Each structure stands twice: as structure tokens, then as C-alpha cells.
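**Q** What TrEMBL lists as compositional bias 'Basic and acidic residues' is 720-729, 741-755. Look at TrEMBL and you will find 815-830 tagged as compositional bias 'Acidic residues'. What TrEMBL records for 108-137, 720-830 is region 'Disordered'. Positions annotated as repeat 'TPR' by TrEMBL: 235-268, 274-307, 487-520, 589-622, 657-690.
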Amino acid sequence: METIHFADEDDDYSGFNDYNPLLDTEDLMQDENFQKAVLRTSHGRRPTTQARVALGGIPNAQGRLATAARGRIAMPSSMGRPGAMQAGDGQARPMTAVRAAGFTSAGNRGGVGFDPLNQAGKGPAPPLEAKPEESPEEKIRHLEKKVNELIEESCLANSRGELQLALDKAKEAGRKERVLVRQREQLTKGDQINLDLTYSVLFNLANQYVANEMYIEAINTYQIIVKNRMFSNAGRLKVNMGNIYFKQRNFQKAVKFYRMALDQVPNTHKEMRTKIMQNIGITFVKLGQYNDAITSFEHIMSESPNFKTGFNLILCYFALGDKEKMRDGFAKLLTVDLKIDDEDKYLPHGDDKQYNLVLEVIKNDSLRQIERERKYEAERCIKYAAKIISPAIEPTFSEGYDWCIEMVKNSQYIDLAHDLEIDKAIMFLKQKDFAQAIETLKSFEKKDSKVASTAATNLSFLYFLEADYAQADKYAEVAMAADRYNPAALVNKGNVLYARQDFEKAREYFKEALSNDSSCIEALYNLGLCNKRLARLEEGIDCFYKLHAILRNSPQVMYQIADIHEQLEDSAQATEWFMQLIGVVNSDPSVLARMGELYDNEGDKSQAFQYYFDSYRHFPSNIPIIEWLGAYYIDSQFCEKAIHYFERASIVQPNQVKWHLMIASCYRRSGNYQKALEIYKQIHRKFPDNVECLKFLVRLCTDQGLTEAQEYAAKLKKAEKNKELREQRTTSAGRRGSGRGRRESSAGSDLDREGSAGASGKGSKKQRVRPRLEDTDQGPYQLSQPQEIDASYSDPLGPQAERPKTAARRKGALEDDFGDEELGEDLLPE
């Protein structure tokens, strides 16, 4: 009672401990009526718990958790003051107005936690009931779901190109599906087998076998499906089996399975039957049975005509040489409907903003792209058909093409008439009839602007190839006047200026062409050449790097990059690019020679010899390479091996005495004096006035004690006297013309310097050294003045790479890439 402080009568906080006797909870635990009432409630039916842990509790000495009040732990208050949980004498702090919550002033020192409802004595809650095992039906449903997931994963892997993974997933799906079937049979529920799932598993497995080119396994899988009569509509899968035999070039079996599939497809599926008949017709073409193919194609054209079938039908008529049928087939081809709505719906309406907004959305959507593809296929088939039959239906190609053009003008494809006329000009070019090609293109001058621009571009292209730069310039201007945004016309104009050495203006036209069409590779290449000629090497190499990103394996582009790096004196990069170029064109002698030059300039003679030898092997008539190889062997003291190269040089240049002298010199230096004497005698018979040959004859005859020495000595004196007289005459003639020569010498030297720089085209490039061999008394050879190895023999690279690329237009380009037309194979997709 010492810790209890009673409030004074005048205390402001007195009376708070007074409460209604009805709220007294001290004797509730002993009240039987109250306990019975509690047991009837949900609280009384809950499992008992042991509330041993209170908020903020920590283990005390007995290992039990105590509250902050019981454990005498002072916690900081929310105001930052320490909470005094103990009185000054170490006893518990009295608590007031909390009896109704179950607390007492005694502090509950008995160690029992807060348990107002006396639940602690009932023990822990019973454990949760274990989940029952899955029933067999649930296991089957789970397995079915897993099989479907594997089929989906297999299809997705196939769409990503992961063919092996797709096949593995398909096989795993097949294994799990067989497990599923066995489980159903064990449950005596075989009649509940999911046939659709089995069909999907087998069909997907067969498709994955085909994708992995495992055709035998695919055929066996398809046979399992087809032979099972429980699968409805499985007969049409014989089309896929026919496709496999077609890929294996077993055309007889392919026809057999196509016909079996056609018999099992009902007449209501017209599109399917049409595709199968197309496959039958194409297979007959592969077999060379054109009459049977014509029967299939004619049936399709009567039931459901399309351009591909019509074109194949014309090819069969052409193979049989039936002119009338070819005409009829071409006329029937022009009647095929594209099934495309009116093109006017894509034209903008000036006042209707809402319509224009909708037009912006639909003018390049997927439907519009399908329409473009159909139109392109129609134009392609008509143009190819006209090109094939025109020489066959009339005595001349020109007359046949004119008939085709008239038929097109009278059809719904009248817009193709101008394209066919341009194709006619291209065919004249292929036949080397340039006059007819030019005349055909000139007929377009008064046509509408687009066609006139195309024709003028091609005319400029032709005249440029003929080096008629005036006419090329004229028609380039006409093409630009008709269509200023025509990049091909701008390229042709720039080419004319380039040929006239006006590189600055040409550069402007090439840049304008690129601004109109950034993918114009001719303009980009020619711009690089212009920058190279103007010594703007950094800008030039940027152009060629951009072009290399577009044309990854173009030898000309790679050559230009390597050449500019060499002019920039970056030999490491030049060597690397030449190595890449050799990887693309490993037999080009000029590139191999350039690599030899690079290593020779760096002093690596062994590597230089390897590349020079490879160049000689591919082109054994290049005199500078022969000369270098001969000098290399002489320098290496292998004179016998040098003889082979000098003999080759004497065959290429039989009137050059130095090669014969070098052969004799090699024999003399190798110690074969008798053979050397014979060679010198042969040289003397062919070149009797050669002083060097007579000197060596006199020396060799004297050394060997031959009587012919006196004869050759007399001839030597006579030859030297004649040589002096020639030199005197040359000197006197030079003095008479010295006045005029001095006046012209300055200009002439300037022109020579400029001409040599223009011929080499190397600008700041460091000079190269090649050995020139001269047989003298002092030694077998000496180095000549720095000269450049002549690589003019090389056609694909070198000088060829320095030429500007021309441009033409045939609705895109003049160069016609139409090859020999083959039958289009339209096999049914699986």
C-alpha cells in the first residue's frame, strides 16, 4: 500500500477509478453463467493459443518473454522522454483506469501472460488437414494441358527458326501423349481418348520432321495419320506427302499423292482443289508431260483464273511451239481480274480533312500492301509472257512485241503499254541493236513526263556508254526537265561532267541525287570518286565506307577504301583492306601485285615475293612483275631460277634485247660459260649492232682462247663507231631545234607532270620502286628511277574501279535482270 497514492479531495483527477459494479471483471472467470455464454459464441469455439509473447517483450531470466512493464525495460516515449516503468523504490508503477481491460495494479508477477478469457490451458491448435492426392481424372487433365503447351512451344520455336528445338518439343509432346493414352486405357476409359489431341501431336511432329529435312520420318508420321480412319479429313494430308516427294524430285509419286488428295477433297472446297491441281500441273511440267500439264492449267483457268497459272500455261504452249495457243493464252492472261477496288479511293480529297486523315492511315496498311503485291505479280507475269512469246509468234522479235503491246493497250492493263515499249528497247540492247534501241526510246520524247523522263534517262545512259558526251548531256537535261527528282538523270549528268574533268560540278549533281534518293549507290560511288580526284580523301573514304555498309562484298568498293588508305600513308589499314579484298577476289592479279608493293615498300621481301608470285601465276605476262621476280632471284644468288622469268619476258617482248642479255648473264654468273656464249651468239645474230653483246662475246672468246675473239673485236669497234656517229647526229639535230625547244620546254614539262599524275590517279601516294635489269660490267642489274607498276591489264579492279558508275531507268533501272524464266512453283503450304 506504500506505492498507492490516494488523491486529495481537491485533486482534479480524483474519481477516475470509480466504476459501475456491473463492469467489474475480476470475478468473471469464476462466473459459470458468463463462461457458458462465452462458449456459445464464435470466440469460445476458436482453438486456444498461448499468448506468451507480448509487444516489446524480451527473454527474462527464466527464458520467457516479458512485456515492457513486466521486464522493467524503459522505452523512450513519443516525446523523447524516457518512459519510467519503475518507481523510485524498484516496485511496479501503479496503473489506473485499466482494470476493465484485464490489468491489475499488482503487475501480474506470476509470469502468466495476458489471457482475459482463460484460453492458455487448452493447448495448441490442431494441425491443418493434409490436401488429398490428385484423382486420376485430375492427373489426366493436367497431362493434357502439358501436351498442348508442348505443341505450342514447338510451333513457336519453328516460327523463330529454331528447328531442332521445335523437333525436340514435338517429340516430347508425342511421348507424353502416349503416356496419357495408356493411363486412360488403365482406367478402362479408352473410349474417352482425345483424338483431336492425338491428331495435333502427330501432325505437328510430321511438320517438324519436314522442316528439319527428315523426309522419311515425316512420310512415316503422315502414314500413321492417313491410315487411321478415326481421323476425319486426314486424306487431304496426302498433299503434304506429295510435296515431300516433289522436294525429293520423285515426281511420279508426287502426282500419285496429289491425285489421291484431290479425290478426297469435296467439290465445295474450290480453292483447295485449285491449289492441288496447280501442283499436279507443275509436276507434269517437271516430268516433261506438257499436254497433261496444259489440261490441268486450262481447267484452272476456266474455273478460277489467276496470273501464275496463266503464265505457266503460256510457257507450256511455248514449249510445244503452238503459236495460236500462245496468242490465246496471252489474251486470256489479260482478262484475269486482279480483284482490287478502284485506285481512286486512295486519292486525297482537298476539302474533306476527315477523309484525308483516314487516307493517311490506310494508304500503307496491310491490305494496301497485299494489293501492291497482286499488282506487281500481274505486271511481272504479263511482261515476262510478252518477252517470251514475242520472238515465237511473229517472224521478228519487233513485230511480236508490237502485237503484245497492242493487246495490252486494248485491255484493262493499259498502263503497262509504256513499260513494254521500254522493255522492247532493252531487248534491242541485249541483241546489240543500239540503233533500234535509241529509235524506240526517242519515240517517248512527246509522251507524258514520267515516261519521257525514263526514256531520256536511258538515252543519256546509252550515249554515255558510246562516249558521245554531247548527246548524253542533252538527254540528261531532258530527263531532269521532265523530273528533277529523278536520281538516275542526275547521276548521268554528273557522269558527263566527270568525263569532262569538271569534278566540282559533278560532285554537286551526285550530292543532289543522294538528297533525292539516299539509297542510290551509283551516286554515292561516283561522289567518292569525285572527292578522291579533288584530293578530299577523308570525304571520299566516308562515302566508300557508307557504300560498304550497303554492299558488303563489293570488290570495287573495297579496292577504293584500300587505295585511299594507301594514299593517306596508312599502310596497316591499306594492307588489311587489301587482304579482305583478296578474300573476295582471290585471283585478281592487280590486287595481289598491290599487296606485293606494300610489303616491298615495308622491306618485307619474302611476303612481297609470295604476292608477286601469286600475281604472276594468275597473269604470267605482266612485264614489271616478271622483272621484279627475276631481280629477286638474282639478289638472292639463285641465278638459275631467274632464267625462267627472263625467258618468259623474252617471249612477251621478243624485240627487247635486254631480256636476252639477262638470260645470258644468268648463265654466265652461274658458271655455265659455254651456254652463255651460245646465247650471246644468238643475240648477235638477231641484234648485230648491240655493243653490250659484242663486249661479252669478246671477253668470253678471249677467256676461252677462241680464234673468234679477233672477229668479234673488229665488229665491236665498228659498232662503237656507228654508235658515236648516231649520237653526234642526234646532238647536232638537238642544237638546231634548241631555240624552239627552250621555248616549249617549260610548258611541255608541266604537261608531262600533270599527265603523269592524272594517269596514276594516286595524288599524294608515296612512289613505288621496281627493279630494271641492265647487264653491265659492274653487275647483273641496277635499280632504275622510281616508277609505278603497271596494272592496266586488270579489268575488274584498278582502272576499272576508277570509272564512274552509270545509271539508267526501267521503272527503276535499265539493267534488265530477267533471266530465263522457269515455271513458278506454287506448292500448297503445309
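Yeah, the Cβs are placed from backbone N, Cα and C, and that goes for glycine too.
Where the annotation comes from TrEMBL, it is an automatic prediction and has not been curated.
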**Q** Across the repeat 'TPR' (274-307), what is the average pLDDT of the model, as a whole number?
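**A** So the average pLDDT across the repeat 'TPR' (274-307) works out to 92.
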**Q** Same chain only, please: residues at least 6 beyond the ends of the repeat 'TPR' (487-520) with a C-beta under 8 Å from a C-beta of the stretch. Say none if there are none.
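**A** Distant contacts of the repeat 'TPR' (487-520): 453, 456-457, 460-461, 464, 467, 469, 472-473, 475-477, 479-480, 526-527, 529-531, 533-534, 550, 804-809, 813.
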**Q** Please count the residues of the repeat 'TPR' (235-268) that DSSP assigns to helix (H, G, I), strand (E, B) and coil.
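**A** So the counts come to 27 helix, 0 strand, 7 coil.
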**Q** For the repeat 'TPR' (657-690), what are the DSSP-based totals of helix, strand and coil residues?
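**A** Residue counts in helix, strand and coil order: 27 helix, 0 strand, 7 coil.
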